[in-house]
Amino acid sequence: MKIPEKPIFLIFVSLILASSLTFTATAKSTIEPCSSNDTCNALLGYTLYTDLKVSEVASLFQVDPISILLANAIDISYPDVENHILPSKLFLKIPITCSCVDGIRKSVSTHYKTRPSDNLGSIADSVYGGLVSAEQIQEANSVNDPSLLDVGTSLVIPLPCACFNGTDNSLPAVYLSYVVKEIDTLVGIARRYSTTITDLMNVNAMGAPDVSSGDILAVPLSACASKFPRYASDFGLIVPNGSYALAAGHCVQCSCALGSRNLYCEPASLAVSCSSMQCRNSNLMLGNITVQQTSAGCNVTTCDYNGIANGTILTMLTRSLQPRCPGPQQFAPLLAPPDTVPRDVMYAPAPSPDFDGPGSIASSPRSSMLPGGGILPGNPANGPAGSISTASASSVSYFFITFLISIASFSLALSS
């Protein structure tokens, strides 16, 4: 009796399935445990998957478009800047609020409404640039069958973030969630963001200085911290070096100059209705500084922003005697809204000197299209450490394997 042969197509599918299972990579991300309900300012490193208006990028993450521009030191004085079209492949820092959810730090304030031809893999890998995996979206939304995704479904997009008490080596810091690209090395990432290999390894609980495409690192950016009273609604405001941030309902703009630790706030240029910004018992307005040279030194008087409470802008008059009078206030340079992405930013890896061990210090940074963090002084020690979690590096592979299993099962049924 002749033994039925297996269909050649079934054998082909089995081989592809085996190879897919063998070579599916595993991406790592840093998890920060938490037990309180406090929040912090954090950043997402996001690369545009297509040309998008500033307002469209803001809609993807449900954040203020002006805040995105200021976080990247882009000049907001240009006409109709919120509708400026940003080029595909542009890297942006997206400001978000990092919360404590189910015992770990993450942001769950982003929702995405599905469109025709969407699947969890394309949403994770393309729309959100690998900041989340298909499996994480599936779990967050209790999706039983990923292949049955109705158009118009609102999905929670759990995004990675870290707080680590807003410090790095006891200095103010904001943490950027950065998706590693194929061209990246840990040394190059450290150099780009003005930190050290040791610091990155400590923060991300890494045993070796090895990274793979799709890994998500928590990168500490040097920052300027506020000292607002706890009752202020913007208590804990912290701004990374080279960036700006809005406060008090678009009334106040705060900045952190490159290499600085001093937060400077002044009235914002936006046309909004604001409460008084004059300091009590003086004729100084928010952001004003007066100096008077004396034989004992320089008397400096400043009208500082002290947060907002119940809709009232809080100001504080500060007087100090300094050895010498300060120079003009320094600001991070503002960039014109970008229309193109330089080729070297799109394709060139971050500068990568030879690695001499975990204690190596990355040399002075070279800025990319948009400014990174400022310079962290000295060698880090005992930095914050998260834990490592793993997830499928390719959501597309996840659904491709599911598809192949279905085909294989169907072929078996036909051959039986």
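Using N, Cα and C of the backbone, Cβ positions are placed for all residues, glycine too.
Here Swiss-Prot gives region 'Disordered' for one range in the set 104-124, 356-376, 377-397: that range is 356-376. For C98, the disulfide partner named by Swiss-Prot among C100, C161 is C161. Of the cysteines listed (C256, C265, C274), Swiss-Prot assigns C256 as the disulfide partner of C224. Inclusion criterion for the recorded positions N37, N165, C224, C251, C256, N310: a C-alpha placed within 10 angstroms of the C-alpha of C100 (disulfide bond); this criterion is met by N37. DSSP assigns N165 (N-linked glycosylation site) to a helix. The helix, strand and coil residue counts that DSSP assigns across the domain 'LysM 1' (110-157) are 15 helix, 6 strand, 27 coil. For the domain 'LysM 1' (110-157), the model's average pLDDT works out to 94.
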